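Asks: If you scroll down you'll find the structure; I have some questions about it.
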Amino acid sequence: MPLSYQHFRKLLLLDDEAGPLEEELPRLADEGLNRRVAEDLNLGNLNVSIPWTHKVGNFTGLYSSTVPVFNPEWQTPSFPNIHLQEDIINRCQQYVGPLTVNEKRRLKLIMPARFYPNLTKYLPLDKGIKPYYPEHAVNHYFKTRHYLHTLWKAGILYKRETTRSASFCGSPYSWEQELQHGRLVFQTSTRHGDESFCSQSSGILSRSPVGPCIRSQLKQSRLGLQPQQGSLARGKSGRSGSIWARVHSTTRRSFGVEPSGSGHIDNSASSASSCLYQSAVRKTAYSHLSTSKRQSSSGHAVELHNIPPSCARSQSEGPISSCWWLQFRNSEPCSDYCLTHIVNLLEDWGPCTEHGEHNIRIPRTPARVTGGVFLVDKNPHNTTESRLVVDFSQFSRGSTHVSWPKFAVPNLQSLTNLLSSNLSWLSLDVSAAFYHIPLHPAAMPHLLVGSSGLPRYVARLSSTSRNINYQHGTMQDLHDSCSRNLYVSLLLLYKTFGRKLHLYSHPIILGFRKIPMGVGLSPFLLAQFTSAICSVVRRAFPHCLAFSYMDDVVLGAKSVQHLESLFTSITNFLLSLGIHLNPHKTKRWGYSLNFMGYVIGSWGTLPQEHIVLKIKQCFRKLPVNRPIDWKVCQRIVGLLGFAAPFTQCGYPALMPLYACIQSKQAFTFSPTYKAFLCKQYLHLYPVARQRSGLCQVFADATPTGWGLAIGQSGMRGTFVAPLPIHTAELLAACFARSRSGAKLIGTDNSVVLSRKYTSFPWLLGCAANWILRGTSFVYVPSALNPADDPSRGRLGLYRPLLHLPFRPTTGRASLYAVSPSVPSHLPVRVHFASPLHVAWRPP
């Protein structure tokens, strides 16, 4: 007869009428019993012949993609003009006095952030905007292009002007070396960037103050150039022998963006401004050839080139426009749905390209992208606005992947110890937090996004169209892209974007000037940045508890009035550093703070309501006696694991699920196991904060016996059969807790100290978790442990009772941490063992 739920509860000692613990508990460590229960609950039967279930409620397999929905009404969010102050360290020091080594190190990391991948793969421009919504291809193209344009206008992106120069909007930083009319403007090293002087020679760089910029130019392998890149890949980048080839290649490419990807387009006609400016640029380029023979001090000729003047004059002045869009003006309409009708709606379509307020030199950047972009809903609650998704997953994949730095995340107990108090709370919303952190221009060649222009995009999507060849084609080739769909889409978009349609139909390549979200480095940098800022705030306002995780910043104070005045001063301080807050999204929580998915109050911590609801829904949909795909089990365990610390049996209760995921087998829920989990998650117990105190109860064990020292008295007992030492120590700790009721127990076993009971026999782990809930452990060396003698059967000998103080841990998120001294020789990348990584290791 299968094991009933009631019987199973009794077995786990979850009911009160169980026999004496010293007899009952060691039975749960018995392997035979564990095996029989597993068979009864159908936990060990992993090989099933019935087909697997691949969907449980909203949970599908980890890799099955949920199809995003395109919303034609999406609004592009507006971005404030975010400019983090370059002298942020000085400003903080004026405010709070000298910073600690830790704070300085963290702030230097992001001023500016640097990114050097091992290898960068370049993709053709066609892959710039992902064809995520085939039904709405044109609409998605323009909305994405508009989003990119908005980011560029907000100073978040660079626009590639030539192979070696880029333009941007907003205030420049000192490491962004400005070019003016093809000359380099050096900014003095005083990091304020107020004074600047022009270098004498015509655009020759004698020695760049920005090391990595040149370094990444000279390391050809870093750019991973492919041979088919034509003139770009000719000549090693930075050898003085190939100046002639390089001046040719750079002048030929110094206008806008040429999609040199798949050979459809002849370069000379691809950019609107090229015909007008080509001859002028040739002259200037050859005239400076004589100077560019001079060597720079590093022994490499490094040349810069003239940037074409602004393309603002109307294109109609030129002879015959090379612009795809404007060519329709001079052609006969091919049908009722010809694009000529749309192009003739306006007399002045504006410039073909726009240039930023500042031009800077950049390392050699090919006319390619390194990641695709597409739009999705901003978040599940806000479907009116869009969010740009950037796919830079190439840096996390394959043998050349970048190993991102690890960083500490406060675990649940540390978080509770820190934040569970009777303070009033509010949380600040940092708007576009990632886009606060500036990136060094040397990273630009690795983080490129863009688009190949509308004609190429449309041609790629319609399989019928022939290769477009602008220059030698007849007018008919121009009309190859005309279609009813395109015509209708463009007419609708014309209402939204007006003359911008022309600008957006041109190819463009953009590099990130601030850190993008799609790179594993970004969360690390953001965490360093906000934690350093909170650390400064805590010192500046000693009565305020400021804490952050990523872009979630919370402030706590004794009273609501105090909190409001702190809020005003701290907001002003953050604004003075250039940090943008969203005042409408400031949330006042009263005494129970919502943070990181938890509700934290003076009583302790519980999961937020929406997570509890999700768990209830999950159990409602969970099928019994049907094998469930292990990928779906991963999603279920992810949800249940988050709330596991609040249940009686904790993580150990989920061990059978972990085991099936590890062996990549389907898992079948038996009615009893499902009922057990269901009841576990129906009643959640808060995790309370640990209190400091003196330890007076000690436990110790040998494989054959256990001993306790409670105050001045001792106790001992023996096991029926010898047990593994860790199991024996865990049993001793359970006996100590149940005999004395003490919440503070001294032990010399590291596994018991860690409070992770997932590696013990399953039934014992579940029972011990419930018995030891809310217990804190203090480490006592074996030699000093008063329970050592009783455990060896010697009760008469008393060691002096230790007074071991216990201090609650706040993990690495300590508020008053003295910064550790930095070793003289740092390894290439520092790895912090994150508590999150450690806590989630399956057995």
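Keep in mind that glycine also has a Cβ here, set from the backbone N, Cα and C atoms.
Feature list, courtesy of Swiss-Prot:
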- 1-177: region 'Terminal protein domain (TP)' (REGION)
- 178-346: region 'Spacer' (REGION)
- 347-690: region 'Polymerase/reverse transcriptase domain (RT)' (REGION)
- 357-600: domain 'Reverse transcriptase' (DOMAIN)
- D429, D551, D552: Mg(2+) binding site (BINDING)
Asks: Mean pLDDT for the region 'Spacer' (178-346), as a whole number?
Replies: 47
Asks: Show which residues of the chain containing D429 (Mg(2+) binding site), separated from it by at least 6 in sequence, have their CB under 8 Å from its CB.
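Replies: Within the chain, D429 (Mg(2+) binding site) has Cβ neighbours under 8 Å at D551, L581, N582, K585, T586, K587.
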Asks: Taking 8 Å from the centroid of the Cβ atoms of D429, D551, D552 as the cut-off, which other residues in that chain fall inside it around the Mg(2+) site?
Replies: S427, L428, V430, A433, S548, M550, V553
Asks: Note down the number of other Cβ atoms within 10 Å of the Cβ of D552 (Mg(2+) binding site), including every protein chain shown.
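Replies: For D552 (Mg(2+) binding site), the 10 Å Cβ neighbour count is 16.
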Asks: Per DSSP, D551 (Mg(2+) binding site) is which: helix, strand or coil?
Replies: coil
Asks: Test of understanding: give the count of other CB atoms lying within 10 angstroms of the CB of D551 (Mg(2+) binding site).
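Replies: A 10 Å sphere around the Cβ of D551 (Mg(2+) binding site) contains 18 other Cβ atoms.
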